[in-house]
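Visitor: Provided herewith is a single structure, encoded as structure tokens, for subsequent inquiry.
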Amino acid sequence: MATPAAVNPSEMGTDLPGPVSMPGAVVGAGQVRMTGAMPGRGGKRRSAGMDFDDEDGEGPSKFSRYDDDQIPGDKERYARENHSEIERRRRNKMTQYITELSDMVPTCSALARKPDKLTILRMAVSHMKSMRGTGNTSTDGAYKPSFLTEQELKHLILEAADGFLFVVAAETGRVIYVSDSVTPVLNHPQSEWFGSTLFEQVHPDDVDKLREQLSTSENSMTGRILDLKTGTVKKEGQQSSMRMCMGSRRSFICRMRCGSAPLDHISLNRLSSMRKRYRNGLGPSKEGEAQYSVVHCTGYIKAWPPAGMTIPDEDTEAGQTSKYCLVAIGRLQVTSSPVSMDMNGLSVPTEFLSRHNSDGIITFVDPRCINVIGYQPQDLLGKDILEFCHPEDQSHLRESFQQVVKLKGQVLSVMYRFRMKNREWMLIRTSSFTFQNPYSDEIEYIICTNTNVKQLQQQQQAELEVHQRDGLTAYDLSQVPVSGVSAGVHESGKTIDKTESLFSQERDPRFSDIYTGISTSEKKMMVPSSTSGGQQLYSQGSPFQPGHSGKSFSSSVIHVPGVNDIQSTAGSAGQNLSQISRQINTGQVSWSGNRPPFSGQQIPAQSNKAQSSPFGIGSSHSYQADPSSYSPLSSPATSSPSGNAYSNLANRNTAFDVSGESSQSGGQFQGRPSEVWSQWQSQHHSQQAGDPHPHTQASQTEVFQDMLPMPGDPTQGTTNYNIEDFADLGMFPPFSE
């Protein structure tokens, strides 16, 4: 039984693929020791072959016909060959599928060399996750906040994206949908996009690029492709499977035409829309030509029509039966043009950049220098900037370069005269700072921004004229009545005419009626005052005389809701302020006379009426910048010699502010300001010198109702209005819109 096995070792060796190590040591009769892994013979080998056959879909029946008519060696050889063939076919199929998968995944096809199989599988999984979004969003709307409607969510998304949503047919480019946010972005009404194609809205030179992005055919993807996400050039080949895949990403940049819809200066924040247009545009266009903005479009290819939606009959008859559509968001792309673009659209550059070494030698110049100073960049390279500076300004410029080196990164500005190419002198403002090596902390070079001062001022003036002509800076004053500022010295020393508006812009003709009404109303509210410049408001060392006239009030405080102004006559306001400033500079007390105490006779008579918020009364005797000077009760320097001048009010826990300027905030005065002051002065006009405190009349009670808080009034509480409450108030309160 063991003889055939011992006789055929060579035959068995020839049947085995590859070299077989046979030491030849006989272990037993008919047995030979063989190194290496060798499968057993007989039923084991046949069962292994049958397992591989089952893997290929073939049953063990093909071996049944060899059981009787072939020897066992031939059957084993066929089984080994069949197994190798099956493995080869399986490997070929796997390689084919992985190659297709690699072509479908953009990150794989963008690699320089072919990745291995594990890398392809890993990138495919990542790509599928990115196509699904974050992985936790669902189509049932569970990701949407419950307190937001669909319309509100759409507006929030478009506002955050700062763009507009549009849907176009992939084959024809017909606009299926566009959001209303296209108006603030491209200044196009929504109706202009409906019924048109996207090819009509883009620049003629970008039509082919757009058609390539919308196409899903195989012919459009031959050649090299630039991947915008990775910044690499893909290899040549067909990408039809990716182009036809649902949800395939599209990202491209094109130029879209800007419309001419009227600007809504209320909703578009006035100047921001114009600045955005020029920042994202391609420069000024010629007269009659369309203006284009650079738009970055990102989106996906989707099936069209969606499930459950049918195409209208008119679209079917027109042949617009596209199977795909592009759903994308268009955002304005900031252009990288080095030319500075101002609001008028017709300006030339006013500044250029230059780089210098520590000695002032020019190592780099911005090409904008051609339009600013007339030199070519090569004319300036390698030269000292002092060569172009005026001889009288060279020392000043040299010191500024030495100083900026010591500042180490801080900006230093200097103005000097620069010689242009036409031998003329130009006033240049240079803002410079140093760049330091982050490792060695040494100064590498100096960066300078050089600006033509005169040309910049001219362009700013032209910009302002453009704004006023377009109506972008016209304030709507129909809801805010504003009174004019009386003649006087402003903060910067500039005299402001009484008829001049609070705003620096010129008046718009549309609001002439409003300004006329304001002028009429302020004339009615103004209290005449004829205080001469040489007359002293309060004599030093003399008690306060109650029988004073209107001359004692150099200015009347009139409060308009939202605006507080100080009004006085044109003839005496400047003189009064100059006299006050002289008194302050000499260190004298503004009102050092004996203040008569206010008796409480007239206060209890008013306790049965509701009181309004208090406000300070008196004349404009204290205009000091120090907040402590706004009340004579706040510091010993401004108090009267008699310490108990206001003892009655102090005991009642009610402070009486006698400064005329410390209570001009909007919350301090409610009611009729013109009537209050006219009644207040009429009472003083009717007083006699012998009666320091006349009896309270009906009109007097109405006046004090708006002036003094009553002690014990539940509406006032225990609030004590001291100077700390008005410490943050300036002499000229800011205007709040």
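Yeah, the Cβs are placed from backbone N, Cα and C, and that goes for glycine too.
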Visitor: Given 493-524, 525-556, which one carries Swiss-Prot's region 'Disordered' label?
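Guide: Residues 525-556 are the ones Swiss-Prot records as region 'Disordered'.
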Visitor: Quickly jot the same-chain residues contacting the domain 'PAC' (413-456) by Cβ under 8 Å, restricted to those at least six beyond its ends, or write none.
Guide: 348, 350-358, 360, 363, 369, 372-375, 379, 388-390, 392-393, 396-397, 400-401, 404-405, 407
Visitor: What is the number of residues in the domain 'PAS 1' (149-221) that are helix, strand and coil, as DSSP sees it?
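Guide: Reading the DSSP string over the domain 'PAS 1' (149-221) gives 39 helix, 14 strand, 20 coil.
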Visitor: Could you pull the average pLDDT for the domain 'bHLH' (78-131)?
Guide: 86
